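Structure record follows, encoded as structure tokens.
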Amino acid sequence: MDRTAAQLRIQELHREINRHNYLYYVEDRPEITDAEYDLLLRELQQLEKEFPDLVTADSPTQRVGAAPLDKFNQVSHRLPMLSLENAFNEGEMRDFDERIKRYLGLPMAKEIEYVCEPKMDGLAVELIYEEGSLTFGSTRGDGYVGEDVTQNLKTVKSIPLRLHCSPPPSLVEVRGEVYLGLAPFQKLNMDREEAGLPPFANPRNAAAGSLRQLDPRITARRPLSIFCYAPGLVEGYEFTSQSQMLATLPQWGLPVNPLIKKVAGIDAVLAYYREIGETRESLPYEIDGVVIKVDSFDLQRDLGEKTRSPRWAIAWKFPPRQAVTVVEDIVPQVGRTGVITPVAHLKPVEVSGVMVSRATLHNWEEMEKKDIRKGDTVVVERAGDVIPAVVKVMTEKRLEGAELLAVPAACPECGSEIVKIPGEVAIRCLGLTCPAQIRETIIHFASRHAMDIEGMGDKYVEQLLRLELVKTVADLYYLTKKDFMRFERMGDKLAENLLNAIEASKHRELSRFIFALGIRHVGEHTAKLLASAFGSVEHLEKATEEELLSIREVGPQVAQSVRTFFRNPANREVIERMFAAGVRPAVEEKRLGGRFTGKTFVFTGALTRFTRDDAKNMVENEGGHAAGSVSKKTDYVVAGAEAGSKLDKARQLGVNVLTEDEFLKMLEG
């Protein structure tokens, strides 16, 4: 291939790969397989290797991260990134609405058009595109001066390196919030604790810490996302309103929050705030309120700014997810990987509508740093599904004689030696037969998202261990009715149900089986990737590190962990014993010709005919995709009782709305 042909093909590959990146990371509806994507990327890499002078800054191959920096350079924003005034109740919101009308000389009966947006709890950044290419990115900083984090922002998969429009405006400055979703946050903290590193306190800190890494290669390994929400300077294109701007940005490849809504009047603003508050716990990311902006840019200019904040916008904060309680005890807890964690037993207190009686203290260094002691009065915080944590000690209320819990001299469960590996903050039990590790391993194996052995809860697992009926998960498949009849308060029918549940688990999907094995760093999503790539446990067991790394989203940490797991003879023996007992993981295959091929479904409200997990599986088994939010790409919304903002969004966009019965009829054909 000559240079001219290579240049044309490289440009074509840029467009194609960028489009598939957008579909995968922003729309969450891929059109090609990972293998097909990898072929495109490899072709581009090969062409760039042959013609290095054709490598451009906005090439998809340049996302992996540049060399580490010594420090971040400070940069000035051409337009200040002002902070927002806060409101904390309905009265303050009505005052805001009245102030705007008085300032503009409008009658109080006039309904102002507002745009309401979920207030993301992340890190504000500015992206600068020149002639369509991302050339610069910075943090908000103090609103006037931020830090140059261009190379790190280029690793965020949902940020396009080039705008999806032709011709692009000559200059586009856009502001957005970089965030880390709750599921990636929990996995990141789990990985850090297993690696002996201190966990992040919350998703916001994790996002900020990830984006401010001097080594962009570390940022590239963190699954950060972005929602854009405001323009800076724009040349070559004119926006007339906030709503028009938010409708245009996705056409350029820049993601915006799908829950944003344009409303008329303050009463509609109050209703939106209540709706978002009701759905807050089910969102896959953290929000801490709602941002309300006057929609018209002409009115925004008329209103102007105060010293630190615009007059035309306000942030209405949610009530804090914190409460004050007392630490009644601190108990060491052993996890399935041997990490020993101090756990605070609390006087029960309600936080965000949930009764909290325990909170993780993460590790001894963290506990000592926060100076948390038995009997202390503390502030606990609960964020989404994240385990409650102690965020502050009220030392002025400390009881005399309160002492820190000492690091245990031996494992509190089995008495084995404990170690603190250099460079780690975690302490670990080295006991190969530690009952706590075995218990947690079996509980994980039997859990709903793993082998789903119905009825096999914590109490039964503890009895199995106490009676020495199991030592590994493989032993579950050799249990008899006679074994279960040794349990306390066990009847014939219940024993038979447990045996039937164990039998039914023998043919679970391969991805569930891989997840159930408890391989470090392999969660549900990664297990699905591995199952899809290798098709059987035998093939996965023989996979080389190179083969593992060829899978999209599988990095060195996961690849090494998988190889380490299968190199362990004890692990292979457990798997062989399960296979000998009749365990045959089934390979799940998406039906390319299924009823729902190419269709995207969203489920909302209280479902009574099936669970959300069941619904997702039904859609995916028929070749479709189940998404978490409604957009113009959504084909169907299935609405249960008390459906809220997602149903409103569907009606606003003209998306087909189905009842549960109508969905089941579609499924049956």
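Backbone N, Cα and C atoms are what each Cβ position is placed from, and that goes for glycine too.
Worth saying up front: this structure is predicted, and the values here are computed from it rather than measured.
Feature annotation from Swiss-Prot assigns NAD(+) binding site to Asp34, Ala35, Glu36, Tyr37, Asp38, Ser83, Leu84, Glu117, Arg140, Glu177, Lys293, Lys317. Long-range C-beta contacts of Leu84 (NAD(+) binding site), restricted to its own chain and to partners at least six residues apart, with a cutoff below 8 Å, comprise Val291, Ser309, Pro310, Ala313, Ile314, Ala315.
Sequence-distant neighbours of Lys119 (active site, N6-AMP-lysine intermediate) (same chain, 6+ residues apart, CB-CB distance under 8 A): Ile287, Asp288, Gly289, Val290, Val291, Ala315, Lys317. The active site, N6-AMP-lysine intermediate feature in Swiss-Prot is assigned to Lys119; the stated evidence is sequence analysis.
The feature Zn(2+) binding site is assigned by Swiss-Prot to Cys411, Cys414, Cys429, Cys434. Counting Cβ atoms from all protein chains shown, Cys429 (Zn(2+) binding site) has 26 others lying within 10 Å of its own Cβ. In the three-state DSSP classification, Cys429 (Zn(2+) binding site) falls within a strand.
Marked as domain 'BRCT' by Swiss-Prot: 591-669.
Across the domain 'BRCT' (591-669), DSSP assigns 28 helix, 17 strand, 34 coil. Same-chain residues that are not part of Cys411, Cys414, Cys429, Cys434 yet have a Cβ within 8 Å of the Cβ center of the Zn(2+) site turn out to be Val334, Gly338, Ala410, Pro412, Glu413, Gly415, Ser416, Ile418, Leu430, Gly431, Pro435, Ala436, Gln437.
For Cys411 (Zn(2+) binding site), the nearest neighbour among the listed binding-site residues (Glu36, Arg140, Lys293), judged by C-alpha distance, is Arg140. When secondary structure is read from DSSP and collapsed to three states, Glu36 (NAD(+) binding site) falls in the helix class. For Cys434 (Zn(2+) binding site), the spatially nearest entry among the binding-site residues Glu36, Arg140, Lys293 is Glu36, judged by CA separation.
According to DSSP, Cys414 (Zn(2+) binding site) is assigned to coil rather than to any helix or strand.
DSSP classifies Lys293 (NAD(+) binding site) as strand under the three-state reduction. Within 10 Å of the C-beta atom of Lys293 (NAD(+) binding site) sit 20 other C-beta atoms, taking all shown protein chains into account.
Between Lys293 (NAD(+) binding site) and Cys414 (Zn(2+) binding site), the C-alpha separation comes to 59 Å.
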